């Protein structure tokens, strides 16, 4: 009989092939034996969050990444009361997708925002929207009777709560897992667990329900096995020869809790599948149909993509890789899948800490394909060890840890185990991984710190260069402005000089002292204290005096000419009057003063 014990030995990766090539591998002696030391910790599986906007409503949808786009539309159909066929779900970063697209293949972040368009539907009336909002805000009293113990629970839920939330709360109270709950009293319209209570058709404000435990297939098979055992004991005590169990209507597969492979409708995985992602999609669908929806979240994609997801992110985000190798011909497969692999504690722990990838080893072509992948990624020793495993030693569970230069197989768990032993081995592998992860996080933090210092230095240097450039540009602008002003000043001076010369040339000649005509002699003081004199005909216009003063560089637009006795502003007088008329005859002393 196979003992199922794991022997002590080194853990082989691709770098240790040469040292182990001379030894013949057997069972799981080529893998490290790990010893558990922690209690089981149950955690929720990894989910994707969607905030979906439709007109004036926002709907939060939480789904596993193995769900499809059509699953989101089905939930929105119940929430928004809109046919899925009328919906256009927009906002995908990868472009438009169809309803059969698996969310995992889109490589979405945890939190996503989408919106719904319904071009074929008219806008809803405000009264209908208000009534629905009012129903969502109502509180429902659910009186739930636990059938086995005849106990009632009065539970309050808001109208926005889902049927799934009610079932999970009942699980906390009754310890009946959701998949084993058998309900009575839900309205016919409550067809999906994702529906809210407001639209499920419950009686408001109080509704009665009954819950009991559903008989599991495993219990039914155990009862059948006990009946067969009793028949054998009676036959043996009467001295009759022991007969094969098939004479009692039970074949070998049913005695081990698994139906005959000939009775299965479809294989777990197609033979010679060209695309590993499509093969994993069929595997997941077939696994769910056989063992229920509570199972590990299988990574949809190639083994290389699973490596990338588990090992090549940031150190804090890395996980262990669990490879589940299925075999339909093994008598242990059904018990392992239904009792161990689908246990809620195992599912939660794997979802939280592992990337789980699966492969079906039943068909020879698929088996050869995996052994080729195994040789490429883990080396020939690990591949040979898996190759020598007998059919009844399946299924296998490989725990892989990614290292800097190679991938190391931490442990191989065979099918003849228990839930507790499986959990302890997973936790022991997590301890080894956590120690390595802390070292990787420390190295990554130090590397990021060095890169941050370098970035800061580069940024400081860039800012310094930018400041120097800005200073140089400011100096160039200042010099250009000074040059421009200087040019303007020169142009203005040249213009004023040209005007002065023109005025000087246009002045009438200065009359002589012995002139027979009346002559006025004017003495003009400048703001600097200098004096200049000139004779003018008494009949000359006052404008001639202004032109004379301007020809000396004092235009009358900028300076005013002041008389002494009496003090007056000559520039305010009529320039067309004569000097005699403005009483600047026979002589006068005037002062130049700049205008304000």
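Each Cβ is built from the backbone N, Cα and C atoms, and glycine gets one as well.
Annotated compositional bias 'Low complexity' per TrEMBL: 14-30, in sequence order.
The compositional bias 'Basic and acidic residues' annotation in TrEMBL covers 447-457. Sorting the compositional bias 'Basic and acidic residues' (447-457) by DSSP state (H, G, I as helix; E, B as strand; all else coil) yields 11 helix, 0 strand, 0 coil.
Annotated domain 'UBX' per TrEMBL: 515-592, in sequence order. Note on the domain 'UBX' (515-592): mean pLDDT across this stretch is 90.
Residues or ranges marked as region 'Disordered' by TrEMBL: 1-31 (among others).
Under 8 Å from some Cβ of the region 'Disordered' (437-457) lie the Cβ atoms of residues 314-316, 318, all in the same chain and six or more residues away from its ends. Feature annotation from TrEMBL assigns region 'Disordered' to 437-457 (among others).
Within its own chain, the region 'Disordered' (501-521) is flanked in space by residues 533-540, 544, 547-548, 550-551, 579-580, 584-588, which lie at least six positions past its ends and keep a Cβ under 8 Å from the stretch. Look at TrEMBL and you will find 501-521 (among others) tagged as region 'Disordered'.
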Just to be sure I understand, if DSSP states are collapsed into helix, strand and coil, how many residues of the region 'Disordered' (501-521) fall in each?
6 helix, 3 strand, 12 coil
